[in-house]
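The structure under discussion appears below in the form of structure tokens.
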Amino acid sequence: MNKQIETEISAEEVPAQLAYPSIKQGWGMLGYFILITLLYSIPLGVIQLSGIDIQHGFYLLMNYSIPMILLIWLLRFFWKKNPENGRFLSLKPFPLIILPMVVLMTLSFIWINSEITSWVPMPSFLENLFKEMMEPNIWGFLTVAVAAPILEETLLRGIVLEGLLKNYNPKKAIIWSALFFGILHLNPWQFVAAFIVALGIGYLYWRTRSLWLCIFIHFLNNATAFLIYFLYPDTTDTADLFEIGTINRVLIFGLAIFILWLVYRYFENYFKSSTAESASKI
């Protein structure tokens, strides 16, 4: 009898197996990313010493994509190894009726992030690095507006956030995945903007479980930034394009936040009504 009670108590003390990744494993993912990037940079450095330009054109796309693909492949292995995870990647369609609000949300994020990043001047070396990535050609566009949305959303929403949602409540999972997304950019000037956008993308992923929607939002955000730089290469602040004063910038900043709140309320009402309608049909 005592042995049975001890067995029951010990069984209760053992936590259920978590899906991949947990928060701790999310930090490990960042470590793997840094390690893969460092290992990949070794042969690149050797090639560059030989005088071959590997920082522009097709090489720009390749140098961004290969470390990300290797990381996704590694995390896919961990995902498949864990029986708690289930199917790899959620490629569900999303309701097209929400698309106008999604666009409005993304444009509001772009304005807000432009203002926030303008508060702290970016170091010249980092600004030059961004300009290299924003090459005004097809390779720059494919890197920034195509490869980055597909690979980063697959990694951060399709794998990391999906796993976190299986382990924690939605609020905690979304915030942590946004934090990992910001840190993944490896510089404080992109961290805040990436974190803010990731909160919105993460919320919609939780509601729709559609990786396609996340990729679209990321594409719209990055493609807009690329287009602005392509048309106005000397501009680092989006708000400066409109030549408005400080007071107007503050007012528009507040308006953008208000629009985000309205969009959020719309999404909440839409998804709750959709859930209620689905439940009534059962």
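Including glycine, each Cβ sits where the backbone N, Cα and C put it.
Please treat TrEMBL annotations as automatic predictions, because they have not gone through curation.
As recorded in TrEMBL, the features of this protein are as follows:
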type: DOMAIN; residues: 137-223; note: domain 'CAAX prenyl protease 2/Lysostaphin resistance protein A-like'
type: TRANSMEM; residues: 30-52; note: transmembrane segment
type: TRANSMEM; residues: 58-79; note: transmembrane segment
type: TRANSMEM; residues: 91-112; note: transmembrane segment
type: TRANSMEM; residues: 174-204; note: transmembrane segment
type: TRANSMEM; residues: 211-232; note: transmembrane segment
type: TRANSMEM; residues: 244-264; note: transmembrane segment
Which of 58-79, 91-112, 244-264 contacts the transmembrane segment (211-232) most, counting Cβ pairs under 8 Å: 91-112
Please check if the transmembrane segment (58-79) comes into contact with the transmembrane segment (91-112), where contact means 3 or more CB pairs closer than 8 Å and the residues in each pair are separated by 6 or more positions. no
Using DSSP, what's the helix, strand and coil tally for the domain 'CAAX prenyl protease 2/Lysostaphin resistance protein A-like' (137-223)? 79 helix, 1 strand, 7 coil
Give residue numbers and ranges for long-range contacts of the transmembrane segment (244-264): same chain, 6 or more residues beyond its ends, CB-CB under 8 A. 101, 104-105, 108-109, 111-112, 115, 200, 203
